[in-house]
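Participant: Okay, here's the structure, questions in a sec.
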Amino acid sequence: MPLREAAERVVEAETVVVLTGAGASADSGIPTFRGKDGLWNKYDPRELATPEAFARDPEKVWEWYLWRRRKIAEAEPNPAHTVLARMERDGLLEAVITQNVDGLHQRAGSRRVIELHGNIWRDECVSCEYQRVNDPERGEGLEYDELPPRCPECGDPLRPGVVWFGEPLPSDALVEAENLARSCDVMLVIGTSGEVRPAADLPLVAKSCGATLIEINPSETALSPHMDVIIRERAASAMEALWNEIERLL
């Protein structure tokens, strides 16, 4: 039974780390990007998620991100988020490394979250170092008087605090994630297609350092051939079931 084996590996491990992708938030109603119903099948990322797109039409890009923010603000963390937060509280999980920008891990109670692709709730100035993080529960960052919004420090445009196609990942987040990958005994890989690098390299780094890899995904991924344990379920139901198995072992 993959669930039983996964639970045993987690309980026996000294250091467990998780890598999450869009599938972890899918059961919260957040659309994924890839797959047959993915956002990139409906929208062209070159028109919405690149520095060139923002330079060409910042209002259009902001309208897209405000639409996504409103979708996320309506969502609630699902068991894929809440179980991970519980595991961290109980000393069973070192950190969450996420490709997601929705902040649902933090809303569920996770404390150590490494955001590889930024945070959709953050506004950043294109010119100076000004940035702010909006609180959706207080209605912040859901609409602006003008698009693009302007920096209160220098007056230049603000942009969403996410990593766009063609941009490097934040170096501090990537270094922390790589260090966690090298030091963990078990890496749970939840809801990621394994197609976006360098995030997709992290499980391979962990494996090369002796870690057990556990994949939770309803579909086969580019990383599946490297996995030691595979749970072919959606993230929310799989994490609920995994937690039940873990509790039996504690």
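Count begins at 1; order follows the chain as displayed.
Placed from the backbone N, Cα and C atoms, the Cβ positions cover glycine too.
Here the structure is a predicted model, which means the values were calculated and not measured.
Found this in Swiss-Prot, in case it helps:
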- HIS117: active site, proton acceptor (ACT_SITE)
- 21-40, 99-102, 191-193, 217-219, ALA235: NAD(+) binding site (BINDING)
- TYR65, ARG68: substrate binding site (BINDING)
- CYS125, CYS128, CYS151, CYS154: Zn(2+) binding site (BINDING)
- 1-250: domain 'Deacetylase sirtuin-type' (DOMAIN)
Participant: Reported as an integer number of Å, what is the Cα distance between CYS154 (Zn(2+) binding site) and GLN99 (NAD(+) binding site)?
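Facilitator: Checking the Cα atoms of CYS154 (Zn(2+) binding site) and GLN99 (NAD(+) binding site) gives a distance of 30 Å.
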Participant: DSSP three-state call for CYS125 (Zn(2+) binding site): helix, strand or coil?
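Facilitator: Strand, per DSSP.
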Participant: Using GLY191 (NAD(+) binding site) as the reference point, find which of the recorded positions TYR65, ARG68, HIS117, CYS125, CYS128 has the shortest Cα-to-Cα distance to it.
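Facilitator: Looking at Cα distances from GLY191 (NAD(+) binding site), the smallest one goes to HIS117.
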Participant: Near TYR65 (substrate binding site), which residues of its own chain have a C-beta under 8 A away, given they sit six or more steps off in sequence?
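Facilitator: The list for TYR65 (substrate binding site) reads ILE120, PRO160, VAL162, given in order along the sequence.
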Participant: For Zn(2+), what surrounds CYS125, CYS128, CYS151, CYS154 with a Cβ no more than 8 Å from their Cβ centroid?
Facilitator: VAL126, SER127, GLU129, TYR130, PRO152, GLU153, GLY155, ASP156, LEU158
Participant: Going by DSSP, is ARG68 (substrate binding site) part of a helix, a strand, or coil?
Facilitator: helix
Participant: Counting other Cβ atoms within 10 Å, pick out the least crowded of the binding-site residues GLY21, GLY29, GLY191, PRO218.
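Facilitator: Relative to the other binding-site residues in GLY21, GLY29, GLY191, PRO218, GLY29 has the fewest Cβ atoms within 10 Å.
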